[in-house]
């Protein structure tokens, strides 16, 4: 039985004050809510403060991060390692986000190496996949997603997906206000799962596949009502405690 995961990607947003206010607000909003794992990925500089804030509150919120390097130490200016993230309690690490693929020229192969290194270090990769608007219009959505997943499967085996999370985020829906319909998202999720099932039905059945791309309280329930959508990777709405908590509650209710 897959357990829903709702994760907030704060991207390049926040301040010390915002971190404390948002996390304390989330703790209050989520009191008594069960049946969903809730995670947050603040900017790297705020991971320490987020850990302290969550620990002091005795919070069940999972701490994550937005990136990792391929090394645990060395002459790699500006990077952060899985070992460092572990020391601060971060467990769920986003990799392959379209913004990093585009702005930092991260290839499928490079993302797959990050995936392997996170697994080697006992952390949970949150593997982002998704197509551009042009690829969507050309009918290439499933082929693009399959290629991005196969970069992992072909180098590490399908069992590497056990315990990992896949986040399907159509690039044209990220931060644009446009969102795939729940039915369209379900169709793609089902095809992603079917692609994995070609290698292992057991892995496909158990892997969590989130939807991301303009998820809001108003549309969350429709997504989570779909059988192959196991949660959400949330951007803008994750910066507001009430909105993000409402999305998490919708997941808990839909998957109960």
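Placement of Cβ uses the backbone N, Cα and C atoms for every residue, glycine included.
Lifted from Swiss-Prot, the feature list:
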ACT_SITE  97  active site, electrophile
ACT_SITE  169  active site, proton acceptor
BINDING   9, 10, 11, 175, 214, 235, 236  substrate binding site
Exercise for review: Out of the recorded positions 9, 11, 97, 175, 235, give me the one sitting nearest to residue 169 (active site, proton acceptor) by CA distance.
Suggested key: 97
Exercise for review: Could you measure between residue 214 (substrate binding site) and the residue listed as 'active site, electrophile' for me? Cα positions, answer in whole angstrom.
Suggested key: 15
Study note, to complete from the structure: Cβ atoms other than its own within 10 Å of the Cβ of residue 175 (substrate binding site), all chains, total 12
Check your understanding: What's the CA to CA span in angstrom from residue 11 (substrate binding site) over to residue 97 (active site, electrophile)?
Key -> 10
Study note, to complete from the structure: For residue 235 (substrate binding site), the same-chain residues 6+ apart in sequence with C-beta under 8 angstroms from its C-beta are 8, 9, 11, 174, 175, 212, 214, 215
Review point. When the number of other CB atoms within 10 A of each residue's CB is tallied over all shown chains, which of the binding-site residues 9, 214 has the maximum?
Key: 9
